[in-house]
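Under the heading domain 'Fibronectin type-III', TrEMBL lists 328-420, 506-597, 598-687, 688-777, 778-865, 866-955, 956-1042, 1043-1132. According to TrEMBL, the feature signal peptide maps to 1-31.
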């Protein structure tokens, strides 16, 4: 083989090695690249697919290398656009599945030609990164070509003489595996890093090119160099790990570029219509797109649309040639109108950020206002407008703070409906109406009164400043519909209406006549209207006894009222009734006459007085007028006698003339009224001679003296009767005042009486006892005998004594009698300090000068003495123990009696005489009792010793506390038996001194207020009645934990709200705050006890929230306090689409 053949073999070896390296760099998992290398020697290369052909002969015949690459490439645009070749041509139709790209590289000097045949099956290679792989393949091929060029330089030096080797070379020395055997030099050409005959000795190539340090045959290069011999420049930043470094230059991977492969390659290299900066195309004017391949639209469609062939297709919500204008809403319509609001609806795109609603009154100087609502709304209600005004309304769509052209409407609000219509006064023919004024300007009012039967009616127009109207001339008893309407220009407000009925007219000119003490006659003028009946009522002024009612049929216009109370003030009412309507009553008052007193009589009479008595009048009189005089008309007198309580009244006429007949008249008097009199005649008694006395007596005579009788008499008559019983009389002239009876029996007792006489009338007699001669004391009489005293009376001695001597002593002690000297005029005395149950001897003598009469002797036994030292102990509500000391006298038993001091029966018990105490049972609680005790012997009873006691009060029971709140509690109990004056409640808590509360005795409950929350209380209670006090009862309770107060929601926004409160008075651990919305969501928070506010975040827009808050302490929970709020929408109220 010649030099050319060896060169070919060497080149084939080198190319094969490089292709093997190239194939190893490919990723079969991605692209399945098959590489086949064949060496062919062609006489000529025909032109194929636009590839040039070269012809040579002998030495100049080229050596052709065919590199066939079978690459499975996908049919996407990238798989066929990343490979650069010198020529391109599609394969023939015979093989649609395979496209062959052929490239040829020729070295004319060495005539070594490389042909690259790359087969790209269209239906193969479903890889995603094929473009990058093909680009890398192209870079590898370029490197291969550079290495072959180096080989060519070596071969041109004719290093391998033709005589170096001949024939087929089947064996080539391995050079220790570190080099290649050279036929030219017939020796090993060592690889870098090795030397020696057999390349077995390592060394650094080129001595690291003086750009590094050789260590064990390897170069450690300086920072700016790399490679095995440090001959290669290091690429900037190692090509950013995005390419290969070749001679200091980066061969970048797709899609990167730049010196250090740090920049992105632009798509399509910006199509030649722009500048690529770090992967982004900056297009020339008129172009756009990622690769500047698209024609630019006006203002790039303002970023709100896509450009297609220079025309903008705008996004929803935008319009215009450059999509710069926001599309306005469409079809603005009025959904509702009231007096202060307008409800609007419209159609609009979904992409709108918000809508701006502008509204302004058309009137001059009207203020323009705005409201913003979210873009997903299709309507809004404008509120707080003025009634009766026309508004210019504009609705703008807003996207990214850009307003569209407006869509407009002109809308007028309604006039407000008048409010507060009510009727102030209603009569038979008039109705006064009132209503509330408007706060805005309008023209006036229209008011109408339309009868319910729609027959006729009245309409009036009023100025705008009038808010009341009195309609006259209506029909009595008629129902009207009243309408009030506001007017402005041609507009009318909705009417406010109410119905009213006029009062039916009633009777008039009421008159009461012919009034007596029990009857009155009532007259009136009938009503004009047709009525069902006349209602007549009458009764006492003040309401006593109620009213008497009569239903009288028309046309009756008078009635006699009977069975009235005399002397009483009556009121009478007359009204008309039709259906359920009653007219206004006509009323008057009258007073019945006073009835005269009845059954006038003389109760008793004396010489100078008459006791009169009569039955009281039925009328409520205050007094009676008594008139009396003699029948001759002399001594006329009047007197007023107050009415007595009870059925009768008495009066005594005094200073009358004895023995004279009087005429008496008595009238009842009430206020200024006076009844007719009740009359009678009555005669006084004759005056009696008085002070009849014996002035002297002898054996046969008695001298008398008396006081002259007043008044006219004829004479005196003296009657004297001795003890023998034969009476004698004597007449004495009327002018005499003394007389001596003679021819009497000696030593006889006479009963002497004197009377005055006038005609057949006789006065009362005056009597005296007398004796002829001397008369001793007689008739000792004992009365009011007790255990220690006795009352003694006796008759007069005759003649009168100078003095009296009384002696007394117990019967068995007569020698020690007690003497008492008495005045001669005394006729009784009381002996005190006597011994109980003892018989006493009593004698009495009269002393006349030196003469002492014979004593009159009597005896009396004192009564037994009562027990002593009575005491009361062990008092309970129903019993008491009575103790005493026994009496001195002997007795059979004790009698204990007791009864309530107010009303009640007397109970008694017999107690043996051997005991000195007794327990009385079955008494009533809290009752005052009178207890008496005496001793009994046979039928004789001692005086009673008494004492007063109160039984103890019964205790109130069942004291409980109910309806307990943080600051209040209701105490309830059951009252004790017996009367209670007051209850005393003592309220204590902790160690604090108790609060005392006094409650009325008629109560069985008391509301405690002002308590401390969450506090334990003790309540003690007892009842009192006068000096009595019941036992004490008690109960315990604890007030509840008080809730926080003044829970308020403020600073409410679309998604947050500030909740604040005032803390409770009680000590707490924390708060439990719960808030829930109308959609059912609920959250609970625990808040520290020191906090008094919390801000709720993350709320939903336009949502009703309820906040509940309670305080907590241990297991106790306060009651809930709540508040509500609504998160904002944006502004105003709106209708969501």
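Using N, Cα and C of the backbone, Cβ positions are placed for all residues, glycine too.
Below 8 A, the CB atoms of the domain 'Fibronectin type-III' (328-420) and the domain 'Fibronectin type-III' (1043-1132) form 3+ pairs separated by six or more positions in the chain. Helix, strand and coil counts from DSSP across the domain 'Fibronectin type-III' (1043-1132) read 0 helix, 49 strand, 41 coil. Per-class residue totals from DSSP over the domain 'Fibronectin type-III' (866-955), listed helix then strand then coil: 0 helix, 48 strand, 42 coil. Each residue of the domain 'Fibronectin type-III' (506-597) gets a DSSP state, and the totals for helix, strand and coil are 0 helix, 48 strand, 44 coil.
Mean pLDDT, taken over the domain 'Fibronectin type-III' (506-597), works out to 87 on the 0 to 100 scale. With DSSP states grouped into helix (H, G, I), strand (E, B) and coil, the domain 'Fibronectin type-III' (778-865) comes out at 6 helix, 44 strand, 38 coil. Helix, strand and coil residue tallies for the domain 'Fibronectin type-III' (688-777), in that order: 0 helix, 51 strand, 39 coil [DSSP].
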